[in-house]
Amino acid sequence: MEVSLNDPASNKTSAKSNSSAFFYFESCQSPSLALLLLLIAYTVVLIMGICGNLSLITIIFKKQREAQNVTNILIANLSLSDILVCVMCIPFTAIYTLMDRWIFGNTMCKLTSYVQSVSISVSIFSLVLIAIERYQLIVNPRGWKPSASHAYWGIMLIWLFSLLLSIPLLLSYHLTDEPFRNLSLPTDLYSHHVVCVEHWPSKTNQLLYSTSLIMLQYFVPLGFMFICYLKIVICLHKRNSKIDRRRENESRLTENKRINTMLISIVVTFAACWLPLNTFNVIFDWYHEVLMSCHHDLVFAICHLVAMVSTCINPLFYGFLNRNFQKDLVVLIHHCLCFALRERYENIAISTLHTDESKGSLRVAHIPAGI
């Protein structure tokens with residue numbers, strides 16, 4: 001979603017775009033321990049997000065060769081966009097927040113903000129497509145059923161829409177040293193320091209775009225998914241009641257309860273992970289004076305970190321709580337371990353062979369000439 005651009009991951013003007021944001025710069029520094037813990041947390045989320053989503057994509061790719069599955073196609077797209085979020089949001093945001101300046105150049109200033117917004121949009125719209133697919137599967141099983149081709153078309157459309165939606169960010173971001181010009185600290189220390197911020201023709205344009213973006217990247221998808229999953233839960237509850245009256249198949253009733261829990265968890269987790277960051281962004285856009293304090297950057301980083309946790313939780317809900325995916329994951333890990341052991345064994349065998357050949361060569365070289 002819209003990430004406040006205190007960092008490149010944000011889709012908004014940073015507090016650094018105004019030199020007054022540095023009023024506390026000389027006397028206020030984030031605690032070293034807090035920054036260290038933040039860096040460790042970012043690293044853990046980055047590793048878990050990439051590994052979890054790569055595992056899902058690998059498993060789905062193998063299963064897709066056996067049979068085309070709409071749900072798996074959409075989950076793979078979600079995982080791909082989540083990987084982009086991990087790669088393009090977490091490292092740049094962490095470094096920018098810790099260093100308090102932008103070090104990656106003007107091109108990356110524009111590109112990272114653009115790619116981050118695109119990947120975040122794709123992740124959220126992928127969740128919407130999954131909600132639609134599950135709604136049709138459970139609530140309206142006799143109606144229109146999305147096919148694999150429909151899934152691919154849907155994926156193409158959300159990528160195209162996300163690319164177009166984020167173009168204003170590509171055009172508005174630039175580098176500036178303005179926040180460092182009026183510091184009372186030695187100017188030599190900050191002579192080459194710059195920040196990556198948005199620049200709009202007017203505050204009205206910036207507010208209009210940022211508000212529209214946060215609506216499209218958070219509130220509208222959340223409301224849509226809430227309605228879809230609410231109808232799904234109601235539908236499953238009615239089926240559970242029928243099963244109770246007929247005293248049929250208790251295992252099916254248990255499975256439906258598990259699905260209910262998972263669906264509710266999906267919506268709650270999505271809303272909870274992104275709520276702090278979007279709240280921060282709304283406050284910054286409309287009441288930014290409230291945020292001009294010592295720990296502004298630290299508060300932003302914590303909110304951003306919580307949002308990034310969603311990239312780790314999505315594989316959990318959409319894959320690892322699925323029994324079939326659990327089995328496939330075990331098989332994947334087994335194959336990886338076996339491959340590693342086989343490679344090691346072959347290397348040892350080749351090394352031994354070379355050693356034996358060397359010894360043989362030495363023995364031949366020392367055979368007396370008269371024999």
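For all residues, glycine too, the Cβ spot is worked out from N, Cα and C.
Residues or ranges marked as disulfide bond in Swiss-Prot: Cys109-Cys196. For Cys109 (disulfide bond), the Cβ neighbour count at a 10 Å cut-off comes to 22, with all displayed protein chains included.
Positions annotated as N-linked glycosylation site by Swiss-Prot: Asn11 (among others).
Among the features that Swiss-Prot reports, N-linked glycosylation site is placed at Asn18 (among others).
For Asn182 (among others), the entry in Swiss-Prot reads N-linked glycosylation site, with the evidence type sequence analysis.
Sequence annotations record features per position, and here Swiss-Prot assigns S-palmitoyl cysteine to Cys336 based on sequence analysis.
Feature annotation from Swiss-Prot assigns topological domain 'Extracellular' to 1-31 (among others); the stated evidence is sequence analysis.
For the topological domain 'Cytoplasmic' (53-72), DSSP puts the residue distribution at 15 helix, 0 strand, 5 coil. As annotated by Swiss-Prot, topological domain 'Cytoplasmic' applies to 53-72 (among others), with the evidence given as sequence analysis.
Swiss-Prot lists 94-111 (among others) with the feature topological domain 'Extracellular', giving sequence analysis as the kind of evidence. Same-chain residues lying 6+ beyond the ends of the topological domain 'Extracellular' (94-111) with a Cβ under 8 Å from its Cβ atoms: 6-9, 35, 38-39, 42, 169-170, 173-175, 193-196, 297, 300-301.
Residues 68-71, 73-74, 228-229, 231-232, 235-236, 263 of the same chain lie 6 or more positions beyond the ends of the topological domain 'Cytoplasmic' (133-150) yet place their CB under 8 Å from a CB of it. Here Swiss-Prot flags 133-150 (among others) as topological domain 'Cytoplasmic'.
Feature annotation from Swiss-Prot assigns topological domain 'Extracellular' to 172-213 (among others); the stated evidence is sequence analysis. Across the topological domain 'Extracellular' (172-213), the prediction's mean pLDDT works out to 78.
Marked as topological domain 'Cytoplasmic' by Swiss-Prot on the basis of sequence analysis: 235-263 (among others).
What Swiss-Prot records for 285-297 (among others) is topological domain 'Extracellular'.
If you look up Swiss-Prot, you'll see 319-371 (among others) marked as topological domain 'Cytoplasmic', on the strength of sequence analysis.
Taken from Swiss-Prot, the feature transmembrane segment covers 32-52 (among others), and the record attributes it to sequence analysis. Long-range contacts of the transmembrane segment (32-52) within the same chain: residues 82-83, 85-87, 90-91, 93-94, 97-98, 298, 301-302, 305, 308-309, 311-312, 315-316, 319-320, each at least 6 residues beyond the stretch ends and with a Cβ under 8 Å from a Cβ of the stretch.
Non-local neighbours of the transmembrane segment (73-93) in the same chain are 3, 7-10, 42, 45-46, 49-50, 53-54, 56-57, 60-61, 64, 104, 108, 112, 115-116, 118-120, 122-123, 126-127, 129-130, 133, 148, 151-152, 154-155, 301, 304, 308, 310-311, 314-315, 318-319; each lies 6+ residues outside the stretch with a CB under 8 Å from one of its CB atoms. Swiss-Prot lists 73-93 (among others) with the feature transmembrane segment.
The annotation transmembrane segment is assigned in Swiss-Prot to 112-132 (among others) on the grounds of sequence analysis.
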DSSP output for Cys109 (disulfide bond) maps to helix
Mind checking which residues of the chain, 6+ beyond the ends of the transmembrane segment (298-318), have their Cβ under 8 Å from one of its Cβ atoms?
1, 3-4, 6-7, 9-10, 30, 34-35, 38, 41-42, 45, 48-49, 52-53, 55-56, 75, 78-79, 82-83, 85-86, 89-90, 93-94, 97, 123, 127, 130, 262, 265-266, 269-270, 273-274, 276-277, 279-280, 291
One finds that other Cβ atoms within 10 Å of the Cβ of Cys196 (disulfide bond) number exactly 29
